[in-house]
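Engineer: Positions annotated as divalent metal cation binding site by Swiss-Prot: Asp10, His12, His44. The feature 4-CDP-2-C-methyl-D-erythritol 2-phosphate binding site is assigned by Swiss-Prot to 10-12, 36-37, 58-60, 63-67, 134-137, Phe141, Arg144. Per Swiss-Prot, the feature site 'Transition state stabilizer' maps to His36, Thr135.
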Amino acid sequence: MMIRIGFGYDVHPLVEGRKLIIGGVEIPFTKGLLGHSDADVLYHAIADAFLGSLALGDIGQLFPDNDERYRGIDSGLLLQEVYRRVRERGYCLNNLDAVIVAQKPKLLPFIQKMRENLAVLLNTAIENISVKATTTEGLGFAGREEGIAAYAVITVKEVLENG
């Protein structure tokens, strides 16, 4: 059985007048993430990790920010399309480990719901999904509350025809 690894990263600036959506969860906060879609930084990092695992490019190539079809789109739909392409090539998720980097808001109360959302979107057991959050101890753009970043590492495994 072939196992492949993918790594993804995404970042979006925090701005007033936008909803903060991370991992498909709307989080009460005074600012939201700016982007062409709903700017779900976690879903974007995971999508890039999936694409990287099979050398399929990145989400910017697949869903360009100058394409009006994707303006304001739910990033869960983008992630589902990416995962459909992974499955189409004979692979499925083995394990996902992600970390969100944000000084504020505190994300711990929302992590379990993010994991549940991902388990449903990716049709896998929640035990295969790890999501964590951390701060930068006040350092850098995240520490200054200018933006939020996410990193994701995944392994995908080849789906065997008879087993």
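Any Cβ shown, glycine's included, is placed from N, Cα and C.
Source: prediction; values computed, not measured.
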Engineer: Which is it, of His12, His36, His44, Arg144: the one of these binding-site residues whose Cβ has the most other Cβ atoms within 10 Å?
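Structural biologist: It comes out as His44.
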Engineer: Spatially, and counting Cα to Cα, which of the recorded positions is closest to Ile59 (4-CDP-2-C-methyl-D-erythritol 2-phosphate binding site)? Options: Asp10, His12, His44, Thr135.
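Structural biologist: The answer is His44.
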Engineer: Provide, as an integer number of angstrom, the distance between the C-alpha atoms of Arg144 (4-CDP-2-C-methyl-D-erythritol 2-phosphate binding site) and Thr135 (site 'Transition state stabilizer').
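Structural biologist: The separation of the Cα atoms works out to 10 Å.
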Engineer: Round to a whole number and give the Cα-to-Cα distance in Å for the pair Asp67 (4-CDP-2-C-methyl-D-erythritol 2-phosphate binding site) and His44 (divalent metal cation binding site).
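Structural biologist: Rounded to the nearest whole number, the Cα-Cα distance is 16 Å.
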Engineer: Write out the long-range same-chain contacts of Pro64 (4-CDP-2-C-methyl-D-erythritol 2-phosphate binding site), meaning residues 6 or more apart in sequence whose Cβ is under 8 Å from its Cβ.
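Structural biologist: Same-chain residues close to Pro64 (4-CDP-2-C-methyl-D-erythritol 2-phosphate binding site) (Cβ under 8 Å, separated by 6 or more) are Tyr70.
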Engineer: For the binding-site residues Asp10, Asp67, work out the Cβ neighbour count at 10 Å and name the residue with the minimum.
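Structural biologist: So among Asp10, Asp67, the binding-site residues given, the one with the fewest Cβ atoms within 10 Å is Asp67.
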Engineer: Between His44 (divalent metal cation binding site) and Thr135 (site 'Transition state stabilizer'), how far is it from one CA atom to the other, in Å?
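Structural biologist: Each residue's Cα considered, His44 (divalent metal cation binding site) and Thr135 (site 'Transition state stabilizer') end up 19 Å apart.
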Engineer: Give the number of CB atoms, excluding that of Thr135 (site 'Transition state stabilizer') itself, located within 10 Å of its CB.
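Structural biologist: If we count other Cβ atoms within 10 Å of Thr135 (site 'Transition state stabilizer'), we arrive at 14.
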Engineer: Tally every other Cβ atom lying within 10 Å of the Cβ atom of Ile59 (4-CDP-2-C-methyl-D-erythritol 2-phosphate binding site).
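Structural biologist: I get 25 for this one.
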Engineer: Taking only the Cα atoms, work out how far Thr136 (4-CDP-2-C-methyl-D-erythritol 2-phosphate binding site) lies from His12 (divalent metal cation binding site), in Å, as a whole number.
Structural biologist: 16
Engineer: Take the mean position of the Cβ atoms of Asp10, His12, His44, the recorded divalent metal cation site. Which other residues of that chain put their Cβ within 8 Å of it?
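Structural biologist: Sorted by sequence, the hits are Val11, Leu33, Gly35, Ala39, Asp40, Val41, Leu42, Tyr43, Ala45, Ala149, Ala150.
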Engineer: Just to verify a number: CA distance, Asp10 (divalent metal cation binding site) to His36 (4-CDP-2-C-methyl-D-erythritol 2-phosphate binding site), in angstrom, no decimals.
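Structural biologist: Between the Cα atoms of Asp10 (divalent metal cation binding site) and His36 (4-CDP-2-C-methyl-D-erythritol 2-phosphate binding site), the distance comes to 13 Å.
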Engineer: CB neighbours of Thr136 (4-CDP-2-C-methyl-D-erythritol 2-phosphate binding site) within 10 A?
Structural biologist: 14
